[in-house]
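Under the heading substrate binding site, Swiss-Prot lists Trp46, Tyr138, Lys269, Gly303, Arg391, citing sequence analysis as support. The pyridoxal 5'-phosphate binding site annotation in Swiss-Prot covers Gly106, Ser107, Asp240, His304, Ser305, and the record cites sequence analysis as its basis. The N6-(pyridoxal phosphate)lysine feature in Swiss-Prot is assigned to Lys269.
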Amino acid sequence: MPSHPHLWFPFTSVKDAPDPLKVVSGKGARLTLADGRELIDCISSWWVNLHGHAHLRIVEAIAQQAATLEHVIFAGFSHEPAERLAMELCKILPEKLTRVFFSDNGSTAVEVALKMALQYWHNLDQPRSRILAFDGAYHGDTFGAMSVGERSLFNAPFEKLLFSVEFLPYPETWWGDETVEAKEAAAIAAVEQALAAGDVAAVIIEPLVQGAGGMRMARPQFLQQLAARVQAAGSLLIADEVMTGFGRTGAWFACQRAGIQPDLICLSKGLTGGFLPLSITVATEVIYDTFCSGNPDHTFYHGHSYTANPLGCAAAIASLELLLDSEAIVQGLEDAHLPGLELLAQHPKVTRPRLTGGIAACDLVSDRGGYLDPIGLRVRQAAIARGLLLRPLGNVLYLLPPYCLTPTELQDIYAAIADLLDEI
């Protein structure tokens, strides 16, 4: 049981969990513990850190902004960091995404997108309210986000309170998968059937990679077929890029790598480089225009106390600048992982290896499987003993490190993982 008398930790079994490791500092890809040990942050501290901890350029941007304007209400007021961030983002986003709405985290970015999609149809006086999502999806822990996520132990206590969503098969794939085309065909057939009635408001998907659902990967071809069907049905496509955005898939955004154009996109995690909580939902001008009629009923009545926080915006601007400077590194992420993952894939305890950009994953052979598989905790503990921060999703082992990690360091991590798999 965690020893602190007042803290309550997320996603942690209160009775069974070992004491948390106390971190005193971070620099680059490394974290320093209170006892002096160092860990390589192989998962970007829950997928948020892009450039490494304590990156001076982001530190200075936050400090300068804090000395100028730390926060101001964003209703009826604006400020330069928000305006500049919106302009810079729209230069790199899929071209039709032009209207930026700020909130606080990935869950709220999804909530905003769902509300925008549903109110879009309300504003048009068209009775569309059906939402389609995918098996294995995870979109966050607030009620709307839970509703569009797979029913699981994460949301089981609240299931009766979640709104109705239709879930479609997700054609996950991996290296050597000979059934992927059949799975995609079945998934598209299910999409077509669900869209046939013409009353679907929106379809939401994590493009290319489902994160917390197990780093389940899909091919661009499937996304392209999906987007075409959704567009033909007149429905809206919501891309949840909370995890995949800002280079994680080897492109600025997974939508761009997949060659699709969403109507709404949800961004967070890497938005500020991992320094501060901030999220953004970006909509097309077509959606935005339905909120501009002058009818008070068409106003988007949604906001947060820290909407468009200037410190977060300043951090995000600095992070975008760093991404522009390291674009070649982002484009080379997949090549950097490839040798190590190919070697790891030969291990007898590894199955279903898969790779998209800088997101590498595999399943560990286990009798149980699933999020509560105890093999995950054994891997975590063995990794810490080797100076690595890993947090498997049950029997799903993955790497999602910050971009500052060198290819040599990455190969050393793969070798250490192979070594620990020999022992657990």
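Quick reminder: no glycine exception, Cβ is built from N, Cα and C everywhere.
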Asp240 (pyridoxal 5'-phosphate binding site) to Tyr138 (substrate binding site), Cα to Cα, whole Å, comes out at 10
Candidates Trp46, Lys269, Arg391 (binding-site residues); nearest Cα to His304 (pyridoxal 5'-phosphate binding site) turns out to be Lys269
Candidates Lys269, His304, Arg391 (binding-site residues); min other-Cβ count within 10 Å returns His304
Quick note, Gly106 (pyridoxal 5'-phosphate binding site): same-chain residues at least 6 apart with CB under 8 Å of its CB -> His139, Gly140, Ala145, Asp240, Val242, Met243, Cys266, Ser268, Lys269, Ser279
As a whole number of Å, the Cα atom of Tyr138 (substrate binding site) is distant from the Cα atom of Ser107 (pyridoxal 5'-phosphate binding site) by 10
Between the two most distant Cα atoms of the pyridoxal 5'-phosphate-binding residues Gly106, Ser107, Asp240, His304, Ser305, the distance in Å is 23
Counting other CB atoms within 10 Å of each candidate's CB, the least crowded of the binding-site residues Ser107, Ser305 is Ser305
Row Trp46 (substrate binding site), column other C-beta within 10 angstroms, all chains, value 16
Widest Cα pair spacing in Å over the listed substrate contacts Trp46, Tyr138, Lys269, Gly303, Arg391 is 33
